[in-house]
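Residues or ranges marked as transmembrane segment by TrEMBL: 18-36, 79-102, 169-191, 265-286, 298-320, 340-357, 405-431, 437-454, 474-494.
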Amino acid sequence: QSYINTAPPPRWRTREFLAYYAVFLVVVPQMVLAACRTTRPTTKQYIKYGHRLSDGWLLGWRVDVTDAQYHLFRSHLPLLVLLALVHLAFSHAFRLVLSRFVNPSTYAPDSPRYSTAKARTARARFLAVFALVLLGALHGSSLPKVLAILWINYRVAMLGGAGQEWAPYATWIVNLVILFANELCGGYHYASLHSSLAWLDDYGGLLPRWHISWNISMLRLISFNMEYYWALHLSPQASTRTRTSRTSTSAPVPDPAPSAGNYTFSLYLAYVLYPPLYLAGPIMSYRSFADELRPLALVLYAVRFAACLLTMELVLHSMYVVALKDSGKGWWEGLGANEVAMVGFWNLIVVWLKLLLPWRLFRLWALLDGIVPPENMVRCMANNYSTLGFWRSWHRSFNVWIVRYLYIPLGGASQPVLATLGVFTFVALWHDLRLRLLVWGWGVTLFVLPEMVARKVVPASKFGAKPWYRHLAALGGVFNVLLMMTANLIGFVVGVDGAKALWTVMLGGWEGASRISLACLFVGVQLMFEYR
């Protein structure tokens, strides 16, 4: 309310913003057309990647599904929807049957939560059993490997209950060792134990490489252990203080002094293996594993998911930027600075959409089951001018997890450089054991420093009312956008060498297109400011 009272009047109808609208209406269509022209079949680059395109369903156009992650999601989407329907049917049927055995005075028919310990335990057991059946189908003979890791982690968690103060350190060490061992050993093979067990390796299920997505499960294991330890060892006063000071961006805080029934093995399995969130998230803390949602919001959320899916399909049918980028070294040869920039930009849009779609599908699935995980992508990739704000809104549930379990323990705001370096080193290694992601993590640490310094030198609290401050901040926003694009091109699109080549080409056209691009970014940042 205080912000509303002190905020300046809207600028949407001022002459300054009318000029911005004119630029916006000209530039944005050109950004789309540039990518379409660069990848059309008549270009000389098309011969390098045209054979990798697939037959599409939209207007007879071909479609670019060369991105392995999105191709996997797209091809399995009907199966995922069928699985969700089966799970939801069993879940709601079980809930209906369970309601007959719950005291009507303590049970609300429209609530997914049960007030009695017996009902809660029964629901957890149902979820655990359904999850184990699903994991058997997904991972086949690797199911015992998954259960062995879960049992080891649970025993580590119980060390905290036994009063061992080093339990949190053991949690981190054990889970990091398992994460790296999974990768280095390729998910472990029965043949390495004994040749007579080699036949088991042939029954890997629908997703035999179970260890590829284990990094998501690892976050839940750490959350369970840390929440259990903190709940037992934090004083009620400390927990109450922290809960009172929570903001929408802070991590959930455990309730003090939990009963043993809150941390049973069945609840642990239900949380870690919860079907809608098992493969890709979003990530929930253990203490946030239940909530309610109004039916109307579910319908609107489903419509939003469908709109995003259609947007992705339209992009992949109309511009083949992923196939061009993957066509081989030197794909940018013969292209102008603006064309190269747009190939990089639309590749980042594809990365954003390919992550957003499965996260929203799995979140929608969980919402229909009465579980409310956080939204992972709360802002469009193209609507970011702050490096710090970008990382808070990109994979948001992971960011909240990082703040809760890593950033604050490493010193947080009192040691921002050390904490940020530790966070992004972990994030890079957590994503994949590759040098380019480690370079990405360290690069991001450097890229957030200019904004942190600028906030100290020219704070908004002191200079925000000055007429020049907004324009200076917009220039800083342009710089941030360039840094964020570079970091993500290195980490998730073209790697270090590719990013160097892109910048070489774009800087070569500095006198023309690049200057115009910077001016357009300035306009875009001004519109972002006003929209916020």
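Each residue's number is its place along the chain shown, starting with 1.
A Cβ is built for glycine as well, from the same backbone N, Cα and C atoms used for every other residue.
Keep in mind that what you see is a predicted model, and the values were worked out from it rather than measured.
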Listed stretch, out of 79-102, 298-320, 474-494, that has the most CB pairs under 8 angstroms to the transmembrane segment (18-36): 298-320
Positions on the same chain near the transmembrane segment (169-191), where near means CB under 8 A and six or more residues out: 141-142, 145, 149, 152-153, 156-157, 159, 197-198, 200-201, 208-211, 214-215, 218, 221-222, 225-226, 229, 430, 433
Residues of the parent chain within Cβ reach of the transmembrane segment (340-357), under 8 Å, 6 or more residues beyond its termini: 31, 34-35, 38-39, 67, 69-70, 73, 305, 308-309, 311-312, 315-316, 319, 321-322, 324-325, 332, 376-377, 380-382, 395, 485, 488-489, 492-494, 502, 505-506, 513-514, 517
Tertiary contacts of the transmembrane segment (298-320), as residues 6+ beyond its ends and Cβ separation under 8 Å: 32, 35-36, 38-39, 46, 49, 53, 56-59, 61-65, 70, 346, 349-350, 353-354, 356-357, 360-361, 363-364, 367-368
